[in-house]
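Let me begin by presenting the structure, written as structure tokens, before commenting on it.
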């Protein structure tokens, strides 16, 4: 299988108004291949969010190797890093961050609009196809504000897949949902993983959902436990 993500000795330090640096990640190693479905767990303050921001190319490590699809991200400038993020990584958050005045279809089109600059028929067709995949064809022209929490998160999943990413980062994607909706959203991600071979890294505090992943990585005090 193709290698999607490689972390070698990733460290991250911050200097917050003092001359002394505080290291929050201490040499993280992680390898993910195409089709992996991994849970990332750990207590609050363990470094999970910092690690996810680095993997998502929203922040840079202080040192260590971060490679996405075999590309050493340390060799890239900010513009190239933004392009790599947009083309290879999809994001799903605990809160859906949909634009409430936009329809489901318009929300799914947003990553494509950012990439291409203007809407077209191909973009619309792609969004409709993804909404069909997440079971929301009938609601594609509904405003996001008029949808249930479970439906909104399904739209967010469709949006994360808009650019056909190799890696999807899901940060507590079921955290705001009731147990029935959470299970349905988890199963949807699992089905997409199996059908499309999309790699998923899911941050969760839900032990039962984590056990249904292929692998669990636990971060404690900035280290893989």
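Using the three backbone atoms N, Cα and C, a Cβ is placed for every residue, glycine included.
Copied from Swiss-Prot, the annotated features are:
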{"type": "DOMAIN", "residues": "5-225", "note": "domain 'ABC transporter'"}
{"type": "BINDING", "residues": "42, 43, 44, 45, 46, 47, 48, 49", "note": "ATP binding site"}
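Taking the features listed in Swiss-Prot, we show where each one sits on the structure.
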residue : record           : Cβ contacts under 8 Å, 6 or more apart
42      : ATP binding site : 48, 218, 219, 220, 225
43      : ATP binding site : 220
44      : ATP binding site : none
45      : ATP binding site : none
46      : ATP binding site : 219, 220, 221, 222
47      : ATP binding site : 12, 24, 25, 219, 221, 222, 223
49      : ATP binding site : 171, 203
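The Cβ neighbour count for residue 48 (ATP binding site), using a 10 Å radius over every protein chain in view, is 23.
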